[in-house]
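Noted in Swiss-Prot for the protein shown:
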DOMAIN    115-614  domain 'Peptidase S8'
ACT_SITE  Asp142  active site, charge relay system
COMPBIAS  205-218  compositional bias 'Basic and acidic residues'
ACT_SITE  His217  active site, charge relay system
DOMAIN    376-461  domain 'PA'
ACT_SITE  Ser546  active site, charge relay system
Amino acid sequence: MAKLSLSSIFFVFPLLLCFFSPSSSSSDGLESYIVHVQRSHKPSLFSSHNNWHVSLLRSLPSSPQPATLLYSYSRAVHGFSARLSPIQTAALRRHPSVISVIPDQAREIHTTHTPAFLGFSQNSGLWSNSNYGEDVIVGVLDTGIWPEHPSFSDSGLGPIPSTWKGECEIGPDFPASSCNRKLIGARAFYRGYLTQRNGTKKHAAKESRSPRDTEGHGTHTASTAAGSVVANASLYQYARGTATGMASKARIAAYKICWTGGCYDSDILAAMDQAVADGVHVISLSVGASGSAPEYHTDSIAIGAFGATRHGIVVSCSAGNSGPNPETATNIAPWILTVGASTVDREFAANAITGDGKVFTGTSLYAGESLPDSQLSLVYSGDCGSRLCYPGKLNSSLVEGKIVLCDRGGNARVEKGSAVKLAGGAGMILANTAESGEELTADSHLVPATMVGAKAGDQIRDYIKTSDSPTAKISFLGTLIGPSPPSPRVAAFSSRGPNHLTPVILKPDVIAPGVNILAGWTGMVGPTDLDIDPRRVQFNIISGTSMSCPHVSGLAALLRKAHPDWSPAAIKSALVTTAYDVENSGEPIEDLATGKSSNSFIHGAGHVDPNKALNPGLVYDIEVKEYVAFLCAVGYEFPGILVFLQDPTLYDACETSKLRTAGDLNYPSFSVVFASTGEVVKYKRVVKNVGSNVDAVYEVGVKSPANVEIDVSPSKLAFSKEKSVLEYEVTFKSVVLGGGVGSVPGHEFGSIEWTDGEHVVKSPVAVQWGQGSVQSF
C-alpha cells in the first residue's frame, strides 16, 4: 500500500451545536464536512475544544452564508463537523492544526428461539456466569427506540449503575418517564441529516427529532441485544414463545442516528463520541457503508471505533447485506468485531403447490385470510407488465383473481406483494433469482404469499410456460422447529471477504443468527414498514446482518460481565476461537447463495458459541499500541495517522511495537496472501492463558490448506504461573507445483488448533494467491 501522508489523508468527525440553521441547503453553496484537528494544538486561551472550533470557523474567509458548526468532538475523535463553502473548505485543509477534511456521507442500516439455538441455559454457561450481563451498558446506535415496549421493562433491575454519565433527552413525544432502569439513556443526533436533507418537511409526518423510533429497526436491534424477558411473544402467532435479549439484565442506552434519508457520518460520530463520554461498555452498530468499505482513514465508523476501543469499549458492527459477491464486507477495521448473518433451526413454512402436483418448499409470515384450498390460476409477472412486480406496473386484467409468480430483486419483497394486491391478484409466489440462491426470508405480506428458492422458481416458470392452464395454491404450515433443513447456514445476503483493504486481516470475524429474527418493534409503522400497511404489532420478524450484530453485541456484554478485566480484543478472541464451522447435521456450514460449503471468507471463524466463549482457554490480546503499529505497517505516516491516535505520543508505537508486516497483528485468525508460487510467509502470535489451570500444556494441530505447508514453532506451549503469556511463529509455504499462480485456485482454507485436552483454541486459515485477485466462492 502506498504511504499515506498528510497531503493524501482526508478525515471524518462530529459533536456539539453552536449555531444551526435547519433551512440551510446546498443551494447556498455550503456542504457538510467532517474536520479532524490535532488535539494538542488548542490554544490555552480557549476553555474548551468547542470554543476553539467556533473560533476556527469564524476565522475562515467570508461567504454569503456563514459557516455553520454542527458538532464538536472530543472523546472518541477530535474535531468537528460543519457546513462550509468551497473556499472555506480549502482554507481549512491548509490550516496547520487540521489533519483532514472529508465530505459528510450517508450510511445505510444494513428473539424467541435464538437463545435456545445458541445453547443458552438458565442454570449453567454464559448466562448464569455473567448474571445475564447485569449492569453492563450497551449503547445501541440505530433508528432510536420505542420506550413503552415490554422488552424495555425494568422489572427486577437494581439502581442505575453509578458509572453512567448519560441522560434521557426529553421531547413532546419522549417524556422523562420514557427512560427507566433498563433504558437508562436516550439521545437523538440529526444535525447532519437535516442539513443534507435541506431541512424540508418531506418526511416530517413520520420522523421525530427525539430518540423515539418511528421505523422499527432500532427497537428490534436493542431488544435483541439486551431486551428484558417477555412471555408469549410472537408475530401473529408465528415464533410464539418467551422473548429475551442476549443480555437481559444489561442496561440500554439508545442513540438515534438514522433517519428516513439515511445515517450520516457526522451524526454517527457524534453518537459514538457521546457514548464514550456516557460510559457505555459495548457499542452495537448495525450500520455501514453501501458498496465497498472505505479506506480506514476516511471511514467514520472505523475512526470512531478506534477511539472507543482506546477507552475499552467493544464495538460490534454488521458486515453488510451486499452478498453474495466477494469483497463486500464493510466495517472491516481489525479493532471492530464484524458479524455476518446465518440461519437458525426454525422455519415458517408455506409451500407452493402447482397444478401438476409438485410441492415447492417456501416461507411466509402471512397472517390474513387464507386462500381457498382449491387451485387458482397462476401467471408469471413477466407476462403481465412487470417481472419484478413494481407497484402500478402489473396489468390488472391479467392478474385479477390469480396467483402471480414474481421475481425477487429491484424493490422490497413486501412491496411486490402489495403491488399484486393493488392489481387485484389473489396471491403471490416470490421466486429467488440465482443471486439469492436457496435463501428463504419470511415476510409479513399483505397478500397470501410465499417465497421459494431459485431452483423452485425456475421450475414454476417452466410449468407456467408449458402448461395450457397453469394453477397453484399456497399451504401455510406455521412455525416449524427441527433439524431439517440443517442449520446454521450463511445467508446469501451476508457480505463477504476477502478484506479488500487489508487482505491479511480475515473478515468477517464470525456469523450469528440474522435470518427471520423475532424482536421488538415500533408502534409507529406496520410489520412491512409500508405506508399502506395499517397493522401495528409488538414484535416483528426481519432479517439482515443488522439482526446478527446485536446478537454478538449482547454476547460481548455477557463476556464483559463475566470477565471484567478482558480487553475488547480478548472478548473478540474468545468468540472467534470457539466458533464452529459445521451444521447441526455434522456437515460443513453451507452457503445458501451457492448450495455449496461455506468458507472463512464467507463465515469468518464460523458461528458463535457463547458457552464455549466463556472459557476459551487462550486469548489473543491486542493493545491499542499494536493497532497503531498495524496502521504504520499498512502505510500510515505522521501526522496523518493522528486521525486515529489523537495523542501524538502514541505514534512511538510504530517503533516500540513495530510489526514485520500487517499480518503480524496478534489477530485470532490467519489470512495469507502469496504473490508467487514458492513464497514463504511468517506470522508471529502471542497467546495468554486464561484457563483455570495455570500449568496447562497446549499442543498444536494443523489442517493445512491445499498447496500450502504450515509449520508451527514451538509445537507445544507449556504455561506456568510465571509464564501466562507465550509466543509462537507460523511459517506458511506455498508449494504449488508447476504452471505458476494461475494453475491453482485463488484461495484455500485450513485451520490451526491448540488444545490442552479441555479447550480447543481454533483459528481459521485463509490463503490467497495473487494479491488483489477477486474470486467467486
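Glycine is treated like the rest: Cβ placed from N, Cα and C.
His217 (active site, charge relay system) sits 7 Å from Asp142 (active site, charge relay system), counting Cα to Cα. Long-range neighbours of Ser546 (active site, charge relay system) (same chain, six or more residues apart, CB within less than 8 Å of its CB): Ile109, His110, His217, His220, Thr221, Ser286, Val287, Ser318, Asn321, Gly514. Figure note: comparing Cβ neighbours within 10 Å for the active-site residues Asp142, His217, the maximum is reached by Asp142.
DSSP assigns Asp142 (active site, charge relay system) to a strand segment in the three-state reduction. DSSP gives His217 (active site, charge relay system) a helix state.
Within the model, the domain 'Peptidase S8' (115-614) shows a mean pLDDT value of 95, rounded to a whole number.
When DSSP labels each residue, the domain 'PA' (376-461) comes out as 25 helix, 19 strand, 42 coil, counted as helix, strand and coil in that order.
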